[in-house]
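*Asks:* Below are the features listed in TrEMBL for this protein:
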type: DOMAIN; residues: 38-289; note: domain 'G-protein coupled receptors family 1 profile'
type: TRANSMEM; residues: 20-45; note: transmembrane segment
type: TRANSMEM; residues: 57-83; note: transmembrane segment
type: TRANSMEM; residues: 89-117; note: transmembrane segment
type: TRANSMEM; residues: 129-154; note: transmembrane segment
type: TRANSMEM; residues: 193-218; note: transmembrane segment
type: TRANSMEM; residues: 239-262; note: transmembrane segment
type: TRANSMEM; residues: 268-291; note: transmembrane segment
Amino acid sequence: NSSDLSPSFILASIPGLEAVQSWMAIPLCSAYILAVVGNCAVLLVVRAEPSLHSPMYFFLCMLAAIDLALATATVPRILSFYWFGSREIGFGACLLQMFLIHTLSAVESTVLLAMAVDRYVAICHPLRHAAVLTNAATAKIGLLAMARGVLFFLPLPLLLLPLPFCGSRVLSHSFCLHQDVMNLACASTTPSVVYGLTAILLVMGLDAVLICLSYILILKAVLRLAAWRERLKVFSTCVAHICAVLAFYVPLIGLSVVHRFGKDGAPLVHIIMGNIYILVPAVLNPIIYGVRTKQIQRRIL
């Protein structure tokens, strides 16, 4: 049939497991509940504990809020499909979900970079830390991170709006991603491909390079210390952030590799990698910082 201007898309089901899909949603729902409880606990603990009112923990609150928003923008819709068979998603809803996923991911990447800079200043220039990273500066960084994500990723849904969709409407994931929706268009997607790759490189790619550079400088400063015990003590303040960076970037890279090289692979791989990308940072970040921060442990107990 001819294409229409407002198509709907079909969310991907778990291949070969459609009959037990409702049971497969239970671990997904459990992970979502754990993410909500964990991130809300972080927000409440930092608010209630005056000793945590510092840039590092304000950035942690930003991460918790982003992870909550990202998980809430996707998981309830996935669960409604798995439990109630609501497999169809409208064009507008799909574009909105896609915009939220990519924008919030960009904001999280920027906040992780800001946390790396915070660790660099605290370790390499400790006397200037309080003057450079004030509470006002931290709030401005949060606003800039949000503005950066919106400005870079708002064009993605706008570039897809005029495209016709006249073939298959079945997505590779249980939620909407730019690469996934773009591949279903039956017209040239070169502008979307070029802009999407450029935005990813200028946001996540640049952030990853700058985070690595920050840790190279931190490592150099740590190695100048005389005692090994002192080196380990200083570097241990970075362990939680390094784990948070890995929890964000490893699923992101894995999902990108699946989209680039796994087009003909098993559909189950796409669904698993997509769910990992959405939920792993949201579940792990509160656990990582809860284990590494004694004040958070005491407040939770």
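The chain as shown is numbered from 1 upward.
From the backbone N, Cα and C atoms, a Cβ is placed for every residue, glycine too.
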*Asks:* Could you check if the transmembrane segment (20-45) is in contact with the transmembrane segment (129-154), meaning 3+ Cβ pairs under 8 Å among residue pairs at least 6 apart in sequence?
*Replies:* no
*Asks:* Hey, does the transmembrane segment (129-154) touch the transmembrane segment (268-291), meaning at least 3 C-beta pairs closer than 8 angstroms, sequence gap 6 or more?
*Replies:* no
*Asks:* Sort out the residues at least 6 away from either end of the transmembrane segment (57-83), same chain, that have Cβ-Cβ distances under 8 Å to it, and list them.
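*Replies:* Here the qualifying positions are 11, 13, 21-22, 24-25, 28-29, 32, 35-36, 39-40, 42-43, 46-47, 89, 97, 100-101, 104-105, 107-108, 111-112, 114-115, 118, 135, 138-139, 141-142, 145, 174-175, 244, 275, 278-279, 281-282, 285-286, 289.
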*Asks:* So what's near the transmembrane segment (89-117) in sequence-distant terms, Cβ-Cβ under 8 Å and 6+ beyond its ends?
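*Replies:* Same-chain contacts beyond the ends: 6-11, 56, 59-60, 62-63, 66-67, 69-70, 73-74, 77, 141-142, 144-146, 148-150, 152-154, 156-157, 160-161, 175-178, 181, 199, 203-204, 207-208, 210-211, 214-215, 241, 244-245, 248, 252, 278, 281.
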